[in-house]
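Some notes on the structure that comes next.
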Amino acid sequence: MERATSLSFWTITKRNGNGQSQKEIFLDSISSGEVENFIEGLLEAGEDLNSKLSDGYTYLSYAAHYGSLYAVQFLMKKGADASVKNSDGTLPLHIASKFGHRDISHVFLRKGIYVDSWDDSKCTPLHYAAKNGREWIVTFLTYHGADFNAVNSRGYTPLLLAAQQGHKYIVFELLTLGADTDGYSDIGWTWLHHAAQNGWENIVNYYIKRPEIERITRSLNSKRFSRNHHPSVCPVCPVSYMPPKLPKNNYQKKFLNINAKTPLGKTPLLLAAEHNHPLVVEQLIQEEDYIECFAETPNSQCATGPIKRTSSLQTYQEKQSTY
């Protein structure tokens with residue numbers, strides 16, 4: 001009788017409504033522990049569990065967003081398909097990765113969902129995890145073979161997105177894994193341009209002071225993070241991963257042109273100065289004896305051509321005095 005009452009309740013709520021959207025009713029059923037009754041009520045009413053709600057997302061995607069592993073598993077048990085896309089081309093795996101739900105992401109991978117699936121903008125789950133600072137998910141996805149050099153339709157890699165948003169530990173991990181440092185976004189910026197413009201001094205400092213691990217270490221990492229790994233044989237998915245510390249002679253710096261220019265002729269140093277990030281400016285100035293600081297704008301605070309460290313610092317300080 002209790003089950004019949006609950007089914008009747010959800011059916012009546014669905015048909016008549018009480019000012020709530022179907023999404024809100026579904027999420028309420030999860031929080032109240034009535035998700036089984038809600039789903040059974042949908043099936044009783046002849047609804048497709050893979051149908052999209054008014055804003056274009058499926059029930060499975062909402063369960064992944066909410067972080068309810070039980071709701072995800074029950075929906076899939078009743079026929080919900082993890083490969084059905086939302087209106088923007090995202091899969092439930094994208095949603096789980098975006099909001100940091102590793103256990104749910106694991107369920108989707110075990111069901112055979114491709115770890116590098118694209119949405120409509122060619123973003124993979126790793127793009128979503130890197131942009132939103134989900135460190136555990138980044139480690140989890142790369143462990144299961146996610147392409148850390150994947151490029152979306154705007155030219156952004158996970159490294160570019162993490163650097164833009166200031167997620168330093170994700171930047172560190174992607175660089176350690178051997179992520180391409182030469183990528184440019186659709187506006188012609190490298191990851192260092194994005195970090196300098198936004199004042200992420202820890203990320204800039206990492207580039208300057210901590211060299212990359214050389215090829216032999218990347219080879220060891222590639223074996224650990226092999227594409228042959230399958231979620232079903234994952235022993236204990238790591239929470240975080242740091243490579244072994246090696247002697248200094250086992251390190252080499254992977255060069256990224258610190259003076260790379262945007263299409264408007266701006267270097268990372270110039271972007272940091274323009275956006276008033278003095279610590280980043282000092283870090284970049286101290287990197288080399290000469291800093292190229294070209295800019296095509298007539299009012300540039302940098303001289304045309306290479307300038308010495310002292311004059312560059314003086315130029316920046318003069319700019320500060322004008323504020």
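Easy rule for this one: first residue shown is 1, then count along the chain.
Cβ coordinates come from backbone N, Cα and C, glycine included.
Copied over from TrEMBL:
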| type | residues | note |
| --- | --- | --- |
| REPEAT | 55-87 | repeat 'ANK' |
| REPEAT | 88-120 | repeat 'ANK' |
| REPEAT | 121-153 | repeat 'ANK' |
| REPEAT | 154-186 | repeat 'ANK' |
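Residues in the repeat 'ANK' (88-120) partition by DSSP class (helix H, G, I; strand E, B; coil) as 16 helix, 0 strand, 17 coil. Among residues of the same chain six or more beyond the repeat 'ANK' (88-120), those with a C-beta under 8 A of the stretch's C-beta atoms are 56-58, 60-61, 63-65, 67, 69, 72-73, 76, 82, 126, 128-129, 131-132, 134, 136-137, 140-141, 144-147, 150, 231-232, 234, 237. Away from its own ends, the repeat 'ANK' (55-87) comes close to residues 23, 26-27, 30, 35-36, 39, 43, 49, 93, 95-96, 99, 101, 103-104, 107-108, 111, 113, 119 of its chain (Cβ-Cβ under 8 Å, at least six residues beyond either end).
Secondary structure of the repeat 'ANK' (154-186) per DSSP (helix as H, G, I; strand as E, B; remaining residues coil): 18 helix, 0 strand, 15 coil.
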